[in-house]
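These features come from TrEMBL:
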- 61-71: compositional bias 'Basic and acidic residues' (COMPBIAS)
- 81-91: compositional bias 'Basic and acidic residues' (COMPBIAS)
- 61-100: region 'Disordered' (REGION)
Amino acid sequence: MTAKGDKGNPGDEAERVSRLVGELLIGLGEKVRAAGPEGVRVLTEEELQRQQLNWFRAGWQEHARATEPPRSDAPPARLLHFPERPQDDGHGGYGSDRAP
């Protein structure tokens with residue numbers, strides 16, 4: 001004879017799992033009843049996958065931010081100098097310091 005808690009018997013293990021699933025379903029039913037029908041939302045497989053994808057993307061973005069090298073204040077490329085202002089051509093364009 002085996003004891004009821006003996007894990008060697010597959011029937012005892014199945015009974016234990018069955019009891020555990022039953023307790024979980026009872027707990028879920030109580031939560032649904034407390035929340036009311038408007039407070040319960042069932043996710044579709046597509047919604048669940050979309051949420052998981054967003055979660056993974058956010059995690060990878062955070063990982064990328066955490067592992068990127070620190071930025072310096074130096075610009076990423078060499079700065080170009082602006083050309084000199086053109087000389088006054090008499091038409092009031094750029095470089096004209098005189099009023100017409």
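Any Cβ shown, glycine's included, is placed from N, Cα and C.
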Legend entry - Within-chain partners of the compositional bias 'Basic and acidic residues' (61-71) [C-beta distance under 8 Å, separation at least 6 from its ends]: none
Legend entry - Tally of residues which DSSP labels helix, strand or coil - the compositional bias 'Basic and acidic residues' (61-71): 7 helix, 0 strand, 4 coil
